[in-house]
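**Q** Pulled the feature table from TrEMBL, pasting it below:
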type: ACT_SITE; residues: Lys202; note: active site, proton donor
type: BINDING; residues: Lys102; note: NADPH binding site
type: BINDING; residues: Glu187; note: L-homoserine binding site
type: DOMAIN; residues: 10-126; note: domain 'Aspartate/homoserine dehydrogenase NAD-binding'
type: DOMAIN; residues: 134-312; note: domain 'Homoserine dehydrogenase catalytic'
Amino acid sequence: MEPLKLGLIGLGTVATGVASVLHKNQQTIVRRIRQTPIIERVYVRSLERENPYNLNLTTNIDEIINHSDIDIVIELIGGIEPALSYIKTALTNGKSVITANKELIAKYGTELLALAEENGVFLRFEAAVAGGIPILKSLREGLAANEIDTVMGIINGTTNYILTEMSSKGSDFALCLKEAQAHGYAEADPTFDIEGIDAAHKLTILASTAFGIPLQFDAVYTEGITQISAEDITIARTEGFAIKHLGIAKKSEQGVELRVHPTLVPLTHPFAQVHGVLNGIFIQGNAVGEQFMSGRGAGSEATASAVIADLIEIAHNQTAQYSAPALGFDSHQLMEAPIIQSSQFESRYYINCQCSAKTDLKALSERLAEMASETLRSAFKIKIYDENHSVIILTAKTIEENVEKLMNNAMLNEGVVNTKSIRIEMF
Ligand code: HSE
């Protein structure tokens, strides 16, 4: 059989991983698809660069997206433009495309999938979510019999690395971020990681694949981790929780919640055991029950593993009568669902009222208990942390408005210098 000719756009960490894995696992891959995948050409901006696999480099993008030699285009440059134009041209020219570009799929996925369908080719993006964890394929195929009502995940390795280091070594936030950048985990613009934007891109894709709804990045409520202190992590641990940055998608009769924020999770839940740059994903299906997957969410060969799985799927699809659509549903089967506004999200909360050193914490906690019983009107726990000069309130399920009211009232008390809240997720 003819070789399967690949055109790569970009030669960074993931592209190098693709070359490496194709090389070291070639025999198995060929056995699976009965074709030999060959990296025919790689588009780079400059030829003056390292080329450890001695690949055929070009600075002319047309030699990839407009050339009859290339069967499948693999886009690994990230960002919106020029990646969007390159992918559109490749699809229009009848080439299937694989990308790891979460921002692009979260924002333009619907349009690009329609373009792929029109041209009878495939667009796949397993590597865009949770690196090497095959979560999209699991949702659209392995779990296809289920109504999925919850998908949540630690889906950003950089923030998980930072929170893990802060928790285990008490390290400073800025230092941990620098280390994550040095390891190559962080995005080109690390605010995408620490402000939750990267996780929101991934959650958009996860939710559409799980629920069969259109991709809608703008509907995701997003908070980052910059407000989390080592002190919060220590107090949470004393209360039996770890602090993790979660992407959460829930579906109910009322609609769909799409949110990304720091979350207290019980120390006994598998999320609490997902350390460092690892990712973890929890799924609840109405036939299968609860599932948990964890693994490397970033890195060269782990992400390449997902890219090459897409390659193998496309190679199979090209000879199949039917293939599962990228989101598990054809575009005309995607159904709109009402998006629940963040003011209506119900959650338990951790509230930290930070005080000046001389505050009478006992008297304050009594006043706060009174306020909390008025505002929350249901069970909550209140506790003094003398050495942190803090009074901690753990609430029952409530809406954000009640928490804000309580925090504003708490600020009116002498000695209270700051209040902050973090949501709690119970399982
Ligand atoms: N910056 C991303 C992360 C890379 O830290 O998870 C993988 O998508």
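Glycine residues also receive a Cβ, built from the backbone N, Cα and C atoms like all the rest.
Automatic prediction, not curation, is the source of TrEMBL annotations.
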**Q** Quick one: give me the count of other CB atoms within 10 A of the CB of Lys202 (active site, proton donor).
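**A** I get 28 for this one.
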**Q** Looking only at Cβ atoms, how many others are within 10 Å of the one on the residue listed as 'NADPH binding site'?
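**A** Neighbour count, Cβ to Cβ under the 10 Å cut-off: 28.
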**Q** Would you count the other CB atoms within 10 A of the CB of the residue listed as 'L-homoserine binding site', including those on all shown protein chains?
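**A** 20, counting other Cβ atoms within 10 Å of the residue listed as 'L-homoserine binding site'.
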**Q** Rounded to an integer, what is the Cα-Cα distance in Å between Glu187 (L-homoserine binding site) and Lys102 (NADPH binding site)?
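**A** Cα to Cα, Glu187 (L-homoserine binding site) and Lys102 (NADPH binding site) are separated by 11 Å.
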**Q** Where the residue listed as 'NADPH binding site' and Lys202 (active site, proton donor) are concerned, what is their Cα separation in Å, rounded?
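**A** The residue listed as 'NADPH binding site' to Lys202 (active site, proton donor), Cα-Cα distance: 6 Å.
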**Q** Taking helix as H, G and I and strand as E and B in DSSP, count the residues of the domain 'Aspartate/homoserine dehydrogenase NAD-binding' (10-126) in helix, strand and coil.
**A** 52 helix, 19 strand, 46 coil
